[in-house]
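Summarising the annotation, Swiss-Prot assigns Zn(2+) 1 binding site to 55, 57, 117, 134. According to Swiss-Prot, the feature Zn(2+) 2 binding site maps to 59, 60, 134, 172.
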């Protein structure tokens, strides 16, 4: 059985721990902080076998060197092949190596190219779990620091095509702020209203809203629904000074991301 556990880091990061029972060797996804990972390993008598990186930002990679030293430089470190990240031992690209097997894990791990937040961002799928870094968030998506709106839209559409029951393990607890924006854009979405209430209740109890699911995100995430009639109408109303005669899905997505950046 694959167990996935969250380690909280910084203000709102999640470092995901993957453990295939009964093995005591584990992998971590995007360890921006080594100290919290080491504390978790030692408290649970686990051995770190490797690291999976989605992109180069320091809050996702900052712990790699210390974890490698802690493990006496025996770690396998997987990450995107076209981003400059210190310590990667196994550079990955979905076209060249779409699937591979991790030691101590059952089944294949799939690599997806999902540029947008950064130019070389990748995501991982193992079993029914998606680790998407800062590409897809619950109720939102990552800012476009390096990629284009077209790249991000394509990446999100690729993720939205995964099986509906796929669990979405993003890297940040941004859900409430994302849902506040989503409700401004899509106020009559009952599924969104219900999810917002559940998310508020979870956060009041200091519980994570993650993982989400692909099915839920298809229903409530405005960035997966940029061509929805109510969302299009909201975009046109918000950007009323623009000519919307030929507003296609990419144009709507671009304006939606611009709106969120300044929300």
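All residue numbers here begin at 1 and follow the chain in the order shown.
A Cβ is built for glycine as well, from the same backbone N, Cα and C atoms used for every other residue.
Bear in mind that the values here come from a model prediction, so they are computed numbers and not experimental data.
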Most Cβ neighbours inside 10 Å, all chains, among the binding-site residues 60, 172: 60
Extra residues within 8 Å (Cβ to Cβ centroid of 55, 57, 117, 134), Zn(2+) 1: 54, 56, 60, 118, 121, 133, 135, 142, 145, 171
Among 59, 134 [binding-site residues], residue with fewest other Cβ within 10 Å: 59
Secondary-structure category, per DSSP, in which residue 172 (Zn(2+) 2 binding site) falls: strand
Distance, residue 172 (Zn(2+) 2 binding site) to residue 55 (Zn(2+) 1 binding site) (CA atoms, angstrom): 14
Sparsest Cβ surroundings (other CB atoms within 10 Å) among the binding-site residues 55, 57, 117: 57
Zn(2+) 2 site, defined by 59, 60, 134, 172: further same-chain residues with Cβ within 8 Å of the Cβ centre: 13, 30, 32, 55, 57, 133, 171
Conformational class of residue 59 (Zn(2+) 2 binding site) under the three-state DSSP mapping: helix
Cα distance (Å, whole number) from residue 60 (Zn(2+) 2 binding site) to residue 117 (Zn(2+) 1 binding site): 13
Cα separation, residue 172 (Zn(2+) 2 binding site) to residue 57 (Zn(2+) 1 binding site) (Å, whole number): 13
Length of the line joining the Cα atoms of residue 172 (Zn(2+) 2 binding site) and residue 134 (Zn(2+) 1 binding site), in Å: 8
